[in-house]
Number of protein chains: 6
Amino acid sequence: MSKAKPRKRHQLRPTTIEPHRTAAAGSVIIRQGDTHVLCTASIASEVPRWLLDPQTGEPKRGWVTAEYNMMPGSTPDRKRRGPDSRGTEIQRLIGRVLRAAVDLDKMPGVAITCDCDVMLADGGTRTASITGAFVALSQAIAAARKAGLIKGNPIKGPVAAVSVGVVDGQIYTDLDYPLDVRAEVDMNVAMNHQGQFIEVQGTGEQGVFSREQLDELLDAATKGIRQLMKVQRKALS
Amino acid sequence: MSKAKPRKRHQLRPTTIEPHRTAAAGSVIIRQGDTHVLCTASIASEVPRWLLDPQTGEPKRGWVTAEYNMMPGSTPDRKRRGPDSRGTEIQRLIGRVLRAAVDLDKMPGVAITCDCDVMLADGGTRTASITGAFVALSQAIAAARKAGLIKGNPIKGPVAAVSVGVVDGQIYTDLDYPLDVRAEVDMNVAMNHQGQFIEVQGTGEQGVFSREQLDELLDAATKGIRQLMKVQRKALS
Amino acid sequence: MSKAKPRKRHQLRPTTIEPHRTAAAGSVIIRQGDTHVLCTASIASEVPRWLLDPQTGEPKRGWVTAEYNMMPGSTPDRKRRGPDSRGTEIQRLIGRVLRAAVDLDKMPGVAITCDCDVMLADGGTRTASITGAFVALSQAIAAARKAGLIKGNPIKGPVAAVSVGVVDGQIYTDLDYPLDVRAEVDMNVAMNHQGQFIEVQGTGEQGVFSREQLDELLDAATKGIRQLMKVQRKALS
Amino acid sequence: MSKAKPRKRHQLRPTTIEPHRTAAAGSVIIRQGDTHVLCTASIASEVPRWLLDPQTGEPKRGWVTAEYNMMPGSTPDRKRRGPDSRGTEIQRLIGRVLRAAVDLDKMPGVAITCDCDVMLADGGTRTASITGAFVALSQAIAAARKAGLIKGNPIKGPVAAVSVGVVDGQIYTDLDYPLDVRAEVDMNVAMNHQGQFIEVQGTGEQGVFSREQLDELLDAATKGIRQLMKVQRKALS
Amino acid sequence: MSKAKPRKRHQLRPTTIEPHRTAAAGSVIIRQGDTHVLCTASIASEVPRWLLDPQTGEPKRGWVTAEYNMMPGSTPDRKRRGPDSRGTEIQRLIGRVLRAAVDLDKMPGVAITCDCDVMLADGGTRTASITGAFVALSQAIAAARKAGLIKGNPIKGPVAAVSVGVVDGQIYTDLDYPLDVRAEVDMNVAMNHQGQFIEVQGTGEQGVFSREQLDELLDAATKGIRQLMKVQRKALS
Amino acid sequence: MSKAKPRKRHQLRPTTIEPHRTAAAGSVIIRQGDTHVLCTASIASEVPRWLLDPQTGEPKRGWVTAEYNMMPGSTPDRKRRGPDSRGTEIQRLIGRVLRAAVDLDKMPGVAITCDCDVMLADGGTRTASITGAFVALSQAIAAARKAGLIKGNPIKGPVAAVSVGVVDGQIYTDLDYPLDVRAEVDMNVAMNHQGQFIEVQGTGEQGVFSREQLDELLDAATKGIRQLMKVQRKALS
């Protein structure tokens, strides 16, 4: 699907995060090569019941969750609608990483859902979703602060994610689909702005990986994420 | 949601149909005021079994179907994912109208699914879906002809649709959401390029309509559709 | 399936609406040729929560809804049980038309469900359902008034529906199944007693229709509905 | 619901089995007091795949199955549509008893579904369903023989069922709903024409029953079933 | 599957009921030949809403329910997970019998779920489930009394169940799978300690049974259950 | 739930893997402290269709998959039956790791399902499932070789898994539930016998982790897995 120019092994695909008009409080399209994801962040108009303290009836904290969806036209073979087990696993990952970016105690009663709808899929959709959704989430939180729903600033700092992997024995950063299908090892890494890990998910279904490779993979991911955070900052400024 | 400038009663909202990059054979975004719909048309990679003649095993005709979906960020109150009865009804309508645009006998064994994903909803999403999906369908059929999947030209001519209605006793064309909620009568009309009707769906849940009003509504729809077909032609040229 | 005697093009099939014993507050079988529908109207024994004003806890208005179902024995090829998209669309139509017959503000807290179970299907099941369900609804409202659940008379007037269509280029009223499968255009029309339209649903999947044909179709429907209302009146007297 | 005249303890409610027009091969309404069930028997138009011998591709035997459904208007509180665990259990029972009435080897490749739709429920719906469905099944088998689908006569003899129970320490036959809710013990018995048992299902959720009571219950059931078989014979002659 | 030594026709398979460590309040494994069932009884940590009196908000009675499940490894052909109609019917039976063992009025607000997970299936799983689940239920009630959730003793006495059947015209007790598949008649009987019946479910899908056979079957069941109650007593002492 | 004696931070809980009688080809219970999992491995009795080469109709390779389930009695608050998103994610992980242990090309046409049913849950159920399921899988493969279904030895070597985590800033191995709920970082690691990684899943929902901590976590996991492989070897010898 992708006609990307020859990239160096650790060169990210060209990445942009641009605002996209929807009715949600936060809304961007992240394009990382031929992977395009619409990320929207919607604030619930009512306080969800389960955020309320059963004793006082007052909300004690907020919540951030995510949904991930491949749109029908995102793949050459039309993707059938509806939840599947892969999507379920991915949206749990996205939700966990986004929650690591915010202090939920500082946004009592505010529930934000980040929807990641993949418009074009060329590998790395889950990591692009994280990187883009953080921006949409930040926009939504800014809107909630403006509207007086949130008092302080619950954002602890940016989070972003990248995929790295081993293909033909070599380490690559930001795998597109052709690389991904050939990869012996596939690893998704999410980090914060202080270079700390939030999630490390390395899988070797078609191979295994040594401690040395793991170290190299983490080095590559760390560098890639640092660059992605620049794109995020630009989008948020 | 919409801050459209004061429109005249029979003035269409500003409408554009632009190609949008996805992996589908046909793909556009139609924007009609603040109603934005991503319309993609995907060609099935295998001949669906039910298109085969049980005797000969050969495909006798083709098929065109549609799916309609409101994306979570399309409404200020986040739209929950998943099928609902309104969507089911709408996608059956879209499918019927699109099939009226093609000669299914001229595309044996080719099944095309038109997906209409509403990115921003401000009224008239079903009619915008039809108008946009016809363009995506045309692109997909052109691609199928290029690939040799279809020999002749199965397209009989363009189809487009518009909503008209009665608000405060007056006839309006192309209702946005604020008009729609106030409308006594709501009518969706789909026509072909010869000014013939494919679908007329008039509903008076909050009112009823006389034969005279029906005539006026159809006049307004006919004019509106003629203009929308110009936008389609421009998009396809 | 049908052995109807040769009918004239605008002659209704023989139609009767007779009471049928069930446990519901209203209950009739409408027979329109070989289309037989059991229509029952059940009053909810508790006020549904969503009819209550969240502030006062008092019900502000009532509700009327419909369910449509083809029974397994209604077709020569046994109809499998369970909801399908066609049925969903039909029951939404029936509900809208029935609600146009009543002033929901005059029946606060009363929710009535009209069930239309097709016992024998020979075309025109949705319009027969509307015509029959109005009678069952009227019976249920009369029972609710007697029981003191409703004070005044919420019924604005009768509603009925008929199908009309174009077969071999000619206009027909009240299509049975053999006509329906050959029809180029199929239109369902629901009207009130003042000759005003509630719903007009014209579909030309196998053809299109001109403005002239549309006019003729509406004329035929208007006449057919007038006759059906006589049958309704007889059933209710 | 029921205003039955005072019955003797072992007197059956007035029972009729009458043909009812549907599109199914067999179709009756059984009325046992205020319990009314529409029983239809539909012959599958294609040989179900699982009835075929995987080696030869030829059908070896036939099949009879049942579905049980309470219609929405069958109870004063509207019965919601859709399968439930009680209905599942009942339709398994009906199917087993009906299969005991036929020699499945004598109807190779023929699959018959008996649908029991309760139109009015006043106790004993599952036993009335069995008694009525046998008649519909017989009609369908006669039709299949006439059509040449079945060669010999697969019917071994009639089957019928009745409920018996213990209420206030006394044995009753053919319990209506008011008796049923007060019953300590509830027993459903299905027999063939030779007085042999096909199913005995005795339940003492609100009580237990002694061997003596069990004997009395079976005596009562045997007598009741003999009378029901007279009604069946009359319906089939 | 089973290599049981030749048993006499009315000899029970070797039966043991042993405690098994889980987190539930009651937990045993019953082994009856090669039928092994894990029975656990869990006390709901909150009072279920439907046990509360709508007026006072106080619980009036308790509840006991059951779930039955075949584990994937219980059969040589792996059993697929998920509910099926056979399991639904069985768990309703188990629940009814267990409720006959307790006075629900004496355990207000306490809801106990008895889970019967078949680890190895060689016939008679439903009756073994009943016999084992009574022991787990007794353990759970003892725990609830100790914890002060229940004041008096709600247990009326033991309940147990056994299968009996007719194979090649002869009566057998405690059918294993090889006998079960050959059985003309299959009967499950549940009794209390006073020799009274709680449930009698006799089915003759591949045959019918006379009154004499029914009497013999009940005699055999009565004897079998008496022995099973000894095993229960031992397990509870 | 657990009253484990004070463990050192990197001391595994007492772990045993014992055969357990079921009808599956492989079957063990792994007990790791108070986490007990029944692992069974079932060989499909028919070659699944999707393992066949569409051209030749011959199977080209085999398949190993896993299902994970918490039994109702595994937790003090009864676990409701049925799939959930957490379980879906876990069984995908187990399946991937087990497939890394075998050469699927060496077992053409053989499909094995490994079921992991948690009988008692005290943290680390997914890693215990992996460690135990490998033993059950090995038993099943041995059985398949004995039965001639598999020619060579598809097992590449053992795989096992352990959880490690950061609690109060300190690294722990094999977290039980009380540790798990307090953990800032939770990591599951699966390795092969050569000390290579198959899966590394580190999550910091309640915290983040530095590169140094990640290194320590991996060291701890490596040591723990080596010990677990000794338990596996003993179980398989």
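Glycine is treated like the rest: Cβ placed from N, Cα and C.
Listed features, source TrEMBL:
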| type | residues | note |
| --- | --- | --- |
| BINDING | A:ARG86, A:GLY124, A:THR125, A:ARG126 | phosphate binding site |
| DOMAIN | A:11-140 | domain 'Exoribonuclease phosphorolytic' |
| DOMAIN | A:157-224 | domain 'Exoribonuclease phosphorolytic' |
**8 Å Cβ shell about A:ARG86, A:GLY124, A:THR125, A:ARG126 centroid, phosphate site members excluded** = A:TYR68, A:ILE90, A:VAL118, A:ALA121, A:GLY123, A:THR127, A:ALA128, A:SER129
**Item:** Most distant Cα pair in Å, residues A:ARG86, A:GLY124, A:THR125, A:ARG126 binding phosphate
**Value:** 13
**Message:** Quick check on the binding-site residues: of A:ARG86, A:ARG126, whose CB has the lowest count of neighbouring CB atoms inside 10 Å?
**Reply:** A:ARG86
**Asked** Across all chains shown, how many C-beta atoms besides its own are within 10 angstroms of the C-beta of A:GLY124 (phosphate binding site)?
**Response** 30
**Fill in**
What DSSP reports for the domain 'Exoribonuclease phosphorolytic' (A:157-224) is 20 helix, 29 strand, 19 coil
**Prompt:** What average pLDDT is reported by the model for the domain 'Exoribonuclease phosphorolytic' (A:11-140)?
**Reply:** 95
**Message:** Return the residues near A:THR125 (phosphate binding site) by Cβ distance under 8 Å, restricted to its own chain and a separation of at least 6 in sequence.
**Reply:** A:THR35, A:VAL37, A:TYR68, A:MET70, A:ILE90, A:CYS116, A:VAL118
**Asked** Can you tell me how the residues of the domain 'Exoribonuclease phosphorolytic' (A:11-140) break down into helix, strand and coil by DSSP?
**Response** 40 helix, 42 strand, 48 coil
